[in-house]
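Please read the structure below before turning to the comments.
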Amino acid sequence: MPLVSMKEMLIDAKENGYAVGQYNINNLEFTQAILEASQEENAPVILGVSEGAARYMSGFYTIVKMVEGLMHDLNITIPVAIHLDHGSSFEKCKEAIDAGFTSVMIDASHSPFEENVATTKKVVEYAHEKGVSVEAELGTVGGQEDDVVADGIIYADPKECQELVEKTGIDALAPALGSVHGPYKGEPKLGFKEMEEIGLSTGLPLVLHGGTGIPTKDIQKAIPFGTAKINVNTENQIASAKAVRDVLNNDKEVYDPRKYLGPAREAIKETVKGKIKEFGTSNRAK
């Protein structure tokens, strides 16, 4: 099956009361694990790629070809989107699209509102010509993800969200509502009232960044309010790092990378399977 945009995935998720996971890839093993877990659960999946991860893996083109090769060799038949996570500029989004990405996020949330609108609209116009879906952000998601650092959380304004959607034609909206990138310090406090208002006023699938560490009860509460995409990265990184440490701590003679990266891959796979079940994505592939 060829790579697809995430637009139809998210519309179906919103209409049918589940969420599609975006699982960020950092190397070959992450990609194998996420694809295999999704295929075994018959779940559509979004492979997230930050600009930092893209640099680490040599570039957008390399990533697209790696994913396409794995889909062929692993006989992946579920819908798969490759999504640029936190694209920093129109130029970066264009570069990803031209390399074969099927979805992009333009994150101009740090800019003044009118500038955010203008940049986002420019990305949408280019992306939609190529059949590529676009996600945008309003407010500030706290924490750090690669080069994206935010000291605090600034909640999205529901009226600005509606205006951004109307003026740009985006396919999905990531309003900052209390989630953070990386591990949480204490219990997360999501703005469900704002989430419901934004979901109703925009009619768009909403995106929840910083999905690691959000309690299942909050995930289940967010989905009926329009959350159709949930991003996960830290949880997979923690699981894979623990698996590597366990192998190396148990046997100081190990040097073959397959001996420790294999268990890391399995740890990611099991983590993703758990998230797929939690988000209600199992058997939703079409």
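Glycine is no exception: its Cβ is also placed from the backbone N, Cα and C atoms.
Here the structure is a predicted model, which means the values were calculated and not measured.
As annotated by Swiss-Prot, D-glyceraldehyde 3-phosphate binding site applies to Ser50. The active site, proton donor annotation in Swiss-Prot covers Asp85, and the record cites similarity to another entry as its basis. If you look up Swiss-Prot, you'll see His86, His181, His209 marked as Zn(2+) 1 binding site. Positions annotated as Zn(2+) 2 binding site by Swiss-Prot, on the basis of similarity to another entry: Asp107, Glu137. Swiss-Prot lists Gly182, Gly210, Gly211, Thr212, Asn231, Val232, Asn233, Thr234 with the feature dihydroxyacetone phosphate binding site, giving similarity to another entry as the kind of evidence.
Annotated features, which come from Swiss-Prot, shown on the structure.
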| residue | record | Cβ neighbours (10 Å) |
| --- | --- | --- |
| Ser50 | D-glyceraldehyde 3-phosphate binding site | 22 |
| Asp85 | active site, proton donor | 27 |
| His86 | Zn(2+) 1 binding site | 26 |
| Asp107 | Zn(2+) 2 binding site | 27 |
| Gly210 | dihydroxyacetone phosphate binding site | 26 |
| Gly211 | dihydroxyacetone phosphate binding site | 26 |
| Thr212 | dihydroxyacetone phosphate binding site | 22 |
| Asn231 | dihydroxyacetone phosphate binding site | 27 |
| Val232 | dihydroxyacetone phosphate binding site | 25 |
| Asn233 | dihydroxyacetone phosphate binding site | 25 |
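A 10 Å radius around the C-alpha of His209 (Zn(2+) 1 binding site) takes in these binding-site residues out of Ser50, Asp107, Asn231, Val232, Thr234, in sequence order: Asn231, Val232.
Geometry remark: Thr212 (dihydroxyacetone phosphate binding site) versus Asp107 (Zn(2+) 2 binding site), CA distance 20 Å. Distance between Cα atoms for Asp85 (active site, proton donor) and Ser50 (D-glyceraldehyde 3-phosphate binding site): 5 Å, as a whole number.
On a Cα basis, the residue listed as 'D-glyceraldehyde 3-phosphate binding site' lies 10 Å away from Asn233 (dihydroxyacetone phosphate binding site). DSSP assigns Asn233 (dihydroxyacetone phosphate binding site) to coil, not to a helix or a strand. By a simple count of nearby Cβ atoms, those within 10 Å, the most crowded of the binding-site residues Glu137, His209, Thr234 is His209.
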